[in-house]
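Contents: one structure, followed by commentary.
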Amino acid sequence: MGAEKEYKQEPAKEINFVQVTESKSFKKLMHERKKFIVPLTIFFMVFYFLLPVLTSYTTFLNTPVIGDISWVWLFALAQFIMTWVLCTVYVKKAAVFDKQADEIIKEMEEGGEEQ
Amino acid sequence: MSATVIILFLAIVLLTLVITFFAAKKTQTAGDFYTAGGGLTGLQNGLAIAGDYLSAASFLGIAGAIALFGFDGFFYSIGFLIAYLVVLFLVAEPLRNLGKYTLADMINSRFDARKVRGAAALNTITISTFYMIAQLVGAGALIQLLFGIKYWMAVLIVGVMMTIYVLFGGMIATSWVQIVKAVLLMAGMVIMTFLVLLKFNFNIGQMFTDVKTVTAHGEAYLMPGLQYTEPLGTISLMLALVLGTAGLPHILMRFFTVRDAKTARSSVVIATWVIGIFYVLTLFLGFGAAAFVGHDTIIAANPGGNMAAPLLAQAVGGDILFAFISAVAFATILAVVAGLVLSGASAFAHDLYGQIIKRGNVTEREQVKAARYASLAVSVLSIVLALFAQYLNVAFLVSLAFCIAASANLPVIIYTVYWKRFNTAGAVTAMLTGLLSALILVSISPSVFSPIEGAALFVGEPIFPLTNPALVSVPLGFLGGYLGTLLSKEKDIKRYAEVKVKANTGYKSSGVSH
């Protein structure tokens, strides 16, 4: 099998991955990841599609705010700012997940030796 | 053509060849060739992603679109940028943790079947080819215009250059060409923005007021609706833009050139900053071109508006800036096509030849040799296709590539990482449904059929109303994967547990073994 070949550097000892997925620490990581990623993904997708939906079906974004700059430009700018903010937030949160993941790997390797 | 332009062009070409020469000496293993040995830093890879992503379509196309259509041109900038949130939040890290060289590796970490790898390779080759034809057609038009040479000569020059980089320098050369190009491009953008703002006395409010009066559109120039008038069409295009990036093989491949998921993450963040600043600046370029070059001059140089940025450089910075910006545009195209050749070649050599035909029984030397032959084949094929595609619309080909990527690749990536029940049959149906529905819907869309002669490939009434079918084809890709999965009884909880642990923790990802 093709793929088998690529993973031949896998450890000789067998790790029970099903057991790992059922461990408390892994479940905690998955739960926290989900709690973080799902709402934010929904948020940025809704925020993003709000722009074409509003420009397609309404005209109120065309109202000028500052001189000749209308809401639609400010909304577009907000999209850029949102991207950078969410990027920064993600990196901060991911550092926490990294630590949890390292713990899980340590547990796995220690657990593997005992079996 | 002035001597300055020729000297700057030659300097860029020379610089990239020097890079290739040094990279060629370092390229010995298959890992070096496909992924630069996985040894790039976050900053290097972030710049290379930006270099890979900011194609001629972005630099020349968006500046032109904003110059001609005002806000509607800016839609592209927004979609192309937010796409990186999808990449960062959902795709980058699991992909790095599961894959080795290609997207197919990642999907195959869960399903061994050769048909899965074959379908993934087919998607990669199709998307890369469409994208590459678009870049080559754009490059041909640009160089033809700059040097006054024939289109086929222009395509041939770019084609031969890209083949040299990839053939001899592999991913190491390609990455460095992309990094150098990203830095040059950003420098060019900042200089031009500065000069444009100087002309507006650094008063952004004034800039908005001025552009309103210089174009024939008047007030409407600052409002959406000049180009996109059909609500569903606009939303469908925006969907393709935001989801397509996360399925583009040459972008996904860039996550295998770093050591681990952490570095993959930091490279996406750097890329997002660079790309975001770039797209903000496209606004100043577009407005500047509208104000200081003028609608008629832009249209006269190229009906698609593709010459707006170089013409603006001439208007605000004279011949030297014009030469510099043109040379940067040339470097931009070279870097992007080199990345595309590499992703197409890796699908041929690594997936089809190495894993499917030879079943993984190939030596390092054979792999590198196969990859070089495949690069040559991909280059020749795309050059030949580009020669016939001269009159196709470049933006159409690029948005089609994004649509196929979103429909054919994204569903299978999401399902592989996040859906427990997903199986081999589902993987194959997700990829094929997405690919076929995108291709078929485009072929019966207004992009191909138009009642007005010359507006599209064929004359006739389009059967499907949306120019970009993502709104239909992406859900079809997801649906195909869902039904395919349920229709097959197969499920492997143990294997999914392994994938889930590896994807989320980075345990024993292939990068560690280097």
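Glycine is treated like the rest: Cβ placed from N, Cα and C.
Feature transmembrane segment, per TrEMBL, maps to range B:469-487 of the set B:298-316, B:469-487. A contact between the transmembrane segment (B:268-293) and the transmembrane segment (B:180-198) is present, since 3 or more of their C-beta pairs, 6 or more residues apart, lie under 8 Å. Under 8 Å from some Cβ of the transmembrane segment (B:370-389) lie the Cβ atoms of residues 30, 33-34, 125, 128-129, 132-133, 136-137, 140, 151-152, 155-156, 159, 162-163, 166-167, 170, 337, 340-342, 344-346, 348-350, 353-354, 362, 397, all in the same chain and six or more residues away from its ends. If you look at the transmembrane segment (B:469-487) against the transmembrane segment (B:320-349), you find fewer than three C-beta pairs under 8 angstroms, all six or more positions apart, and that falls short of contact.
Counting Cβ pairs under 8 Å that are 6 or more residues apart, the transmembrane segment (B:6-24) and the transmembrane segment (B:320-349) reach 3 or more and are in contact. If you look at the transmembrane segment (B:232-256), the same-chain residues 6 or more away from its ends with a CB under 8 A from one of its CBs are 34-35, 38, 45, 48-49, 52-53, 75-76, 79-80, 82-84, 86-87, 90-92, 95-96, 99-103, 123-124, 127-128, 131, 264, 267, 336, 339-340, 342-344, 346-347, 399, 401-406, 408-410, 413, 465-472, 474, 511. Here the transmembrane segment (B:395-418) has long-range neighbours at 55, 57, 61, 90-91, 94-95, 98, 103, 106-107, 110-111, 120, 123, 126-127, 130-131, 133-134, 137, 237, 239-241, 243-249, 252, 304, 389, 426-427, 430-432, 434-435, 437-439, 442, 447, 467-470, 473-474, 476-478, 480-481, 485, 499-500, 503, meaning same-chain residues at least 6 beyond its ends whose C-beta is under 8 angstroms from one of its own.
The transmembrane segment (B:120-143) shares more Cβ pairs under 8 Å with B:320-349 than with any other stretch in the list B:74-92, B:149-168, B:180-198, B:320-349, B:425-449.
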